[in-house]
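Per TrEMBL, signal peptide is recorded for A:1-25. Look at TrEMBL and you will find A:68-99, A:166-188, A:194-213, A:225-251, A:257-278, A:285-306, A:312-330, A:351-373, A:385-407 tagged as transmembrane segment.
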Amino acid sequence: MAAPLTLVLIVAVTIRAVLFSSSLAEPLMERVEVVSPLNAWKRVVEGLALLDLGASPYSGDVFHETPLIIYLFHFVIDYADIVFMIADGITAVALYLAVQDYNKTVFRKQKYALEADRYPHDCLELIRTPKEMYYIPLKVALFYLLNPFTIFSCVAKSTCGLNNAVIALFILSTIKGSAFLSAVFLALATYQSIYPLTLFAPALLFLLQRLYIPVNFYRPSFWLFTLQYAVMYLGSLCVIVCLSFFLLSSWDFIPSVYGFILSVPDLTPNIGLFWYFFAEMFEHFRFFFICVFQINVFFYTIPLSIKLKEHPVFLIFMQIAIISIFKSYPTVGDISLYMAFLPVWSHLYRFLRNIFLVSCVMLACSALFPVLWHLWIYAGSANSNFYYAITLLFNVGQILLVSDYFYAFLRREHHLTHGLYLKRKDGSEATLVLK
Amino acid sequence: MTAGRCTAALLAAVLVCGLTCASTAAAEEAITEEYESISNANEHVQAQDDYARSQKRREITEHDDDQNEPPPSSSSSSSSSSSSSSSPPSKDYFKEELVIRPLSSGDIYASFQFQTRWDTDFFAPGKKVSHYRLFPKSLGQLMSKFSVREMHVSFTQGYWRTMQWGQPFLPAPPGAELWVWFQDSVADVDGAWKELTNVLSGIFCASLNFIDSTNTVEPTASFKPLGVGNVTHQRFLRYAVLPREIVCTENLTPWKKLLPCGSKAGLAVLMKSEKLFHSSFLSLAVHIRPVCQDWGCKGTAWELRQTVNVVFDLHTTGQGKREWSFFKMFSRTLTEACPLATSSKVYIDVTDNPQGELFELNPAAPSLTQAVVLGDRRTYAVYDLMASGTFGLLRSLNVLLRWKTPGNFSTQVDMLRPLLHGERYVAGYGLQTGEIHTLIYNNHPYRAFPVLLLDIVPWYLRLYIHTLTVTSKSRENKPSYIHYQPSKDRLRPHLLEMLIQLPPNSVTEVTVQFERALLKWTEYTPDPNHGFYVGSSVISALVPSVVAMDTIFPESSYFVRVYTEPLLVNLPTPDFSMPYNVICLTCTVVAVGYGSLYNLLTRTFQVEEPSPGVVKRLANMIRYLRGVPLL
């Protein structure tokens, strides 16, 4: 199993190395779909240049990376290409191992359920076989490493790749059951871009499930573990933030990184929903809508955690997808992370309702982004509405994709308890509806 | 003044030392002194100029009894002239001058200067100045209310073409420029600056109230105080440029009202707005600074200089003739000096016509004088309006210049190329990124000299300082001093100051890349597709003089400030017509996301039971009422 993974890694690295040395690398670093003001490589270099000039990198409004990123690239600026390739490799391997482990758990659970005869008899075709599950980890690595979005993001040296690596390591350590490492990586991911904060709930649920602690508010063991995990998380977050303070001996990075993410002052176009909305917003409603849009990202955590408390890994997938759709400065690198999980849910394929439509929309949008950007910015024959329309469509596509997977997942769970071929009261064949 | 002379000599030594030091060892102190000395040099060179001129004047007056005054506009000869003026120094007095120089391009450059000096101290403790005579009360009150130490404001229409016209006496960037040094007693400099700009806006009927933190900077080196005093920390300096400001009659009228004689008498009668504004270049300026009362500098006096610099394009207005006269240029003639003035003179530059072979002046000038202006020895014909004979029988003076050679413009005397010259443009295409190129020319054949370059770029053009390159003669030319203050969105502009050594006879190119920001729709100007202006770069330098100056002063550099063109940059624009549509559409997409998740979260799967038909339901209702079992 390790050999195909190595092969995929080698292929991925080769593609990236070729692209790094090609003439594609320069224009990619300017693409608004691939880099955002938060993670553009140009801005990292600018921050380092400011540091060299003796100014704080946060004295201007160009640099919005965290101090640890400066510290990292202060040493490896000359090997940045390699760092980004390694980060992608780490993400892929971590996801590979995580999914491998997760599949084992799933399979074991399924076996127990079968032995206990808990599934209805007509559900046998929904049962997953080891044969079809065998290649899923490899497919995940493949989906991540050879996804054009990931490749572009890596070649543009968007620091989004590093954030993805941290989140992948967090998923790996969670699935492996290491509460401490999980808390540390979650703290690191939160420190990098706030939004992974919402992954706290699924990680906690998964670890509880692994330790066979039921989610019961009257049980002290539940509270004990929650407290333990929260303390580890907050403790490591605190340590990282204090470390950043000591690196530059100022708190300037807090408003410059987190204030920047939350208040969205930079309206550079990207694939998200924020930029045009707030460029066209009436000034006195601005604060209200910023609050609404930011709460929107965090809000889904609670109902999703309640609904999916038995399936924390799917919850992680949902959360990552929601973050990458509704965050303030999304890039294609964020999308590639949740897309890597799609092979894990390949058994849901039969319940997906509009996967064909969604794939077409996503492909068409990906092609139209550069075209309409060119028409607006360079040719001058289109205006901002064209590009905006494509971002809207792209986001609708993503929303449909995610909700479709959510629907399929819920439906499969329903069938696993109620049987696949449902009958009406009068014995005719029934259709399932949401009520 | 003696003190000033000593420091000037000393600073020259420091400067030379600094230049050599900086190239070898980058000792920070040396660099600091270097740039400080450069910027201070403005004052000192002028002071020196004054001194040299007063020396010369003495020599001249010894030889003939003409009271020769130096050509003034370039200079600030107040402090020296007090020593040599024949009348006892009055408490305040007023001088007016007009210098006319035919430019080699065929245009006529006319420079008015009105100088008011008042031997009083606004800031003397326990003394309130309330009695004003010649000094305008509005400006005096302004100075004392906001504790202003020095104020320089200019309004300019058009761009000064250095390569065609040479150096101006007083350079000014297109649009409005304001820089103010506050007293070191001012605690809230920003507050005082804000109020001051608003008051000035009212006084001059200009848009100076649009000066706010997004276009105000505190340059560290380029703008040093020109008057006496010891405050040099840039904390008390504010500098702002409004490149888009349009200068018109409504600015000229309040400007003229500040003069003691208004536009009723003296040289100011020539300033008829329909003629002044029908020109290639017009710059109105007001400069206030503290100067020494006497040689010993025992007390300070306030000097107000009001200048108008105008370039008339006689190609177009003169119907193809090169002859010009006061009447043709200003549609007025001079009839009297301002009765309140102690001196009132007209100078005409006749350097290119030493023997009178090219043109003749009518009436002939009663006297000639020589002076070194901007490193160049010039000869001037002088008309003294205080002398009774100047106006002749007609009681009016209409100086007329008539060319002896037939009037074609090609037979021009080649102008000396300006030693320092700068230009600027934006490179790149599209609305995403761009690159600012600044070209600085050193036309001196064999001497290198350092220049200070000041760039102020608005925040919406995000500069990337790591892309800064400085190349001269296709080699990298590392600036010995860089001060960079990055911008803050909607708060402050980029400020970039550099000390660059220009090799002899070279072009130095400074490039820096920028990214164009998308603004909120309310932040665009009403004509967003016209573009956004970026103010001129300021190049300040001590330029080695080409003419050897007096032997008593071996110092041979003079201070020059060159403004480059302002830039006009296009930004990407949103569609201004559809804020409602955008709000609706984006909210719809968010609602689609929210709705589909809400749907899946709150509902459960159920088997769909076919709903009974209408007839059956009706029958069931009747059956229910009748109390029989339902169908």
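Using N, Cα and C of the backbone, Cβ positions are placed for all residues, glycine too.
Predicted automatically and left uncurated, TrEMBL annotations should be read as such.
The stretches the transmembrane segment (A:257-278) and the transmembrane segment (A:312-330) meet in space: the count of Cβ pairs below 8 angstroms, excluding pairs fewer than 6 apart in sequence, reaches at least three. The list of residues near the transmembrane segment (A:385-407) in space but at least 6 beyond its ends in sequence, with Cβ under 8 angstroms from a Cβ of it, reads 269-273, 276, 317-318, 321-322, 324-325, 335, 338, 342, 345, 348, 351-355, 357-358, 361-362, 364-366, 368-369, 372-373, 375-376. Pairs of Cβ atoms less than 8 Å apart link the transmembrane segment (A:194-213) most often to A:312-330, out of A:68-99, A:225-251, A:312-330. Packing against the transmembrane segment (A:351-373) from elsewhere in the chain are residues 31-33, 148, 269, 271, 382, 386-387, 389-390, 393-394, 396-398, 400-401, 404-405, 407-408, 411-412: each is 6 or more residues past its ends and has a CB under 8 Å from a CB in it. Only residues 6 or more beyond the boundaries of the transmembrane segment (A:166-188), in the same chain, are considered here, and those with a CB under 8 A from a CB of the stretch are 90-92, 94-95, 97-98, 101-102, 105, 196, 199-200, 203, 206-207, 210-211, 228-229, 232-237, 240, 313, 316, 320, 337.
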